[in-house]
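Annotated features, as they stand in Swiss-Prot:
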ACT_SITE  43  active site
ACT_SITE  91  active site, proton acceptor
BINDING   43, 232  Mg(2+) binding site
BINDING   44-48, 60, 88-90, 92, 94, 213, 219-221  substrate binding site
């Protein structure tokens, strides 16, 4: 189901009222059913930077800081799985300078995750999902190190879609299934939805309850095509670096009011 939220940054004069409203929402949300899995299309970094007459990577940096905040929000609410769309296979078509800057940022952030106190204190497992072979060697190695160091954790999960495409994920799953059938490890008649799920980039992960897209665009952009068949979709008219906790809480609160039918 699609739900659109229009969000505006409040004037500093209204901050006390917003803080009060945020605390009210937090209490309401904590009293309701908490989603297990939230997925976010982190859109609007470049437009946010352009509005400030800054280069794209300025927006990407502040987008990465916003993601750190969202991880904290999820921990506070007990949302165990967070999946974020960081870089699509189509994003490689951007300018070389922007892609190179992004790759440098990804490498830095993966290396920070390895030593981040919160990752180890909260027990966050990091999964990098996508065609990793398309990534530069240094980024791939940093991503794999973050996965290796956090592999033993299972309190929370941070799935980072990098060099990712929903169609590519399905194609890669089909190839692996066909290979296992040909090798005799899988029978054709045994293939069902749950079997397919085991061949996705992050096997057996519960489907997202909620998909949020920031930036004002109303589309899913090839994100988690297999997994979001029954997810609740929320589109927010605010660039990702400006996404507020109050916006997040309003989405969760709206989700809690829904009767999910799962196609019935």
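Every residue gets a Cβ built from N, Cα and C, even glycine.
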C-beta crowding around the residue listed as 'active site, proton acceptor', within 10 angstroms: 16
Listed in sequence order, residues with CB under 8 A of residue 219 (substrate binding site) and six or more positions away: 213
Same-chain residues at least 6 apart in sequence whose Cβ lies under 8 Å from residue 48 (substrate binding site): 59, 62, 63, 239, 240, 241, 242
For residue 90 (substrate binding site), nearby residues of its own chain (Cβ under 8 Å, 6 or more apart in sequence): 165, 222
Distance [Cα-Cα, Å, rounded] between residue 232 (Mg(2+) binding site) and residue 46 (substrate binding site): 26
Site with most surrounding Cβ atoms, counting all protein chains shown within 10 Å, from the binding-site residues 88, 221: 88
Length of the line joining the Cα atoms of residue 44 (substrate binding site) and residue 91 (active site, proton acceptor), in Å: 14
Set of same-chain residues at least 6 away whose C-beta sits under 8 angstroms from residue 46 (substrate binding site): 56, 59, 60
